[in-house]
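Participant: Dropping the structure in here first, questions after.
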């Protein structure tokens, strides 16, 4: 079976074709970073317009890359949410139109389920059950995963997502958009221990997160300590260490509470080297394993949507003619997949 995947939830246009026997046959990605850089963040209207321009050409490129014709496809998967409503509608409309024209089923995919399943595109595939840390610009979730569609949210951010906090703090430090990766690079030049940031919500029981206070703490530190190059690097180092420590502490709590020994990390922030290093060390101490996608599949992409769509297609989870998106969509409401 082959599935075309379409990802347009935010500021990346991702297209891929996944074959259940041969894996990823094609992968095309266009990033809108330059488009939004002058604004310091994603402008929804501009994002939607750019998806309109890029989606069909990227689909054509993916079909050529895979040597695939419409009759070779078994379904068309698209991100139906969560995300920016206009951007989601572009992908959903194109996917639904192609499905109708080619007489193929359309498969709506939850964006975070795509991220959650992305490590299954690698050679080392996690077995169920496991704990998943989904950490991106829009979400920070700790999820118990007993199977595809069998999700229990154990903890989530009560305010800013971790990736959002990275980007906002990077902006305070005068770094270009998107700031998360730039902040991590700057942190490499920082001096450990000069500044110590709090580890939010780790002084109480529970698995929820809060990162908005770290941005405020960073702003106050910049205001009081100045913004010379070394100070900025030291602040970046302290901020990143606080976020990574907080994520690791909550992961450890979730693993100990459930007794599970497998941890999956996914989403854009899962590409962070310090986070990967600390969670690898944690799982080594706990006698467990950690799994994550290759860096190109940490950020939004069509491959994860094609793969998740394949699982849903096999379970018969397709839609009719309606074009429906869900800008807000609780992961726990997804139907379980049984083959």
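Glycine is no exception: its Cβ is also placed from the backbone N, Cα and C atoms.
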Participant: Figure out which of 149, 155, 180, 259 sits with 134, 135, 136, 137, 138, 167, 272 in the substrate site per Swiss-Prot.
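Facilitator: Answer, per Swiss-Prot (substrate site with 134, 135, 136, 137, 138, 167, 272), from 149, 155, 180, 259: 180.
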Participant: Please give the maximum pairwise Cα distance, in Å and rounded to a whole number, for the substrate-binding set 134, 135, 136, 137, 138, 167, 180, 272.
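Facilitator: 17 Å is the greatest Cα spacing among the residues binding substrate.
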Participant: Other residues near the Fe cation site, CB within 8 A of the CB centroid of 111, 115, 300?
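Facilitator: Surrounding the site, in chain order, are 7, 9, 79, 112, 114, 136, 267, 301, 304, 305.
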Participant: Long-range same-chain neighbours of residue 180 (substrate binding site), Cβ under 8 Å, sequence gap at least 6?
Facilitator: 137, 163, 166, 167, 170, 268, 269, 272
Participant: List, in sequence order, the same-chain residues at least six positions removed whose CB sits under 8 Å from that of residue 111 (Fe cation binding site)?
Facilitator: 7, 9, 79, 81, 82, 83, 300, 305, 329
Participant: Need the DSSP three-state call for residue 180 (substrate binding site) to compare against my parser.
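Facilitator: DSSP assigns residue 180 (substrate binding site) to helix.
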